[in-house]
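Written below as structure tokens is the structure these notes are about.
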Amino acid sequence: MRNVKGLFSYMTKTKSFYISIIVIIFIIFIVNRMGPRNYNYKQIGTEINCVKHKVDEQRYLLFPMITILYKYGLGNQLFEVFSLLGSAQTLNRTAIFNADDDILQSKLDLLQKQVPQVAARIISIPIEIAESTRYLFLPACCHYQFPSLFSCERSKFLVIDGQYFQSFKYFSAIDSLIRKLLKPPIDEEIILKKMIGRKDELRFKNCVHIRRGDYVNDFDHAETSSYFTIRAIDYVHTLHPGLVYLISDDPKWVRKQIAEHLDYHDDVKIMETPINAAIRDLYFSQAHCDSVLITAPSSTFGWWIGYMSKNQSNVYYRDIQETDDMVKYKMVEEDFFPPTWKKLGMSRNGSIISK
């Protein structure tokens, strides 16, 4: 009798357990159904509607905005947003965000907080599927793709379904607008002036971007190497004697592995990239950087520090082919690095060479 009761008790508990599991799964299912979901761009046709006559109706351009959807850093988001704005101007279209994409709309906070003047340039409106065409790009981060047939495509909404759009060629026509939109506000200008002592105002300022953080354990990207960086800083400092600002997300590592190995300690300053205000590094570059050295060649944030600096002929970057950075297999270098920038390599004996 005792065994029967025990068996009954066990079956009751087991039944309750399975019922609880089923209820939890059902709740998760309902929440997922009711919550925001990724917009399905595959429902939009891919047939290009190319006509030569002019269409007076307002036309729009949009990207799925992968970098915003997945909350990538500021450097990645700036590439995609400015590529959207630049491409829209080239095609005489209005750049928009998809108002029907609930997830996108919920993740615009980084853009809106750090560069509100940029976010304000792109309106959000719902798209009309019947009036839309989708064009698929090759899945490469740093490759300029812009077919001539875009110019004759007359659909009201053109969706360029690609990833990252990391080429300056997409936004070269709006360079002056970009610099205007990223200009430091008055309160930031006051802070920037205070960052440089009076005795250093007229001295040449070399800025070095050092990328560590998630790159250290990232199989796709190569982080900054101390061996290359120390020698590259010496190389640039010889060309442009002056102050050296080490801009990084890992100041402790920079101090121990880089700064302590430079002979001109008094001229070296370490600057930590603000976690929630990375835009300030771009402000600093605009105001003070006479040269920039990019030590992690696939870093988009380092790229923007170089792009926003005072002299585009004094931007130096490490040759990505000499690193184990996997992005080199997805990158067309002439599409990613502007032609005025200078590539630096390293010989077998450790000497820095210009390529």
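Backbone N, Cα and C define each Cβ position, glycine as well.
Residues annotated as topological domain 'Cytoplasmic' in Swiss-Prot: 1-15.
Summarising the annotation, Swiss-Prot assigns transmembrane segment to 16-36.
For 37-355, the entry in Swiss-Prot reads topological domain 'Lumenal', with the evidence type a curator's inference.
Annotation comment: Swiss-Prot describes N92 (among others) as N-linked glycosylation site, evidence class sequence analysis. For N92 (N-linked glycosylation site), other Cβ atoms within 10 Å of its Cβ number 10.
If you take the C-beta of N311 (N-linked glycosylation site) and look for same-chain residues 6 or more apart in sequence within under 8 angstroms, you find D290, S291. Feature annotation from Swiss-Prot assigns N-linked glycosylation site to N311 (among others).
What Swiss-Prot records for N349 (among others) is N-linked glycosylation site. Sequence-distant contacts (6 or more apart, same chain, Cβ under 8 Å) of N349 (N-linked glycosylation site) do not exist in this structure.
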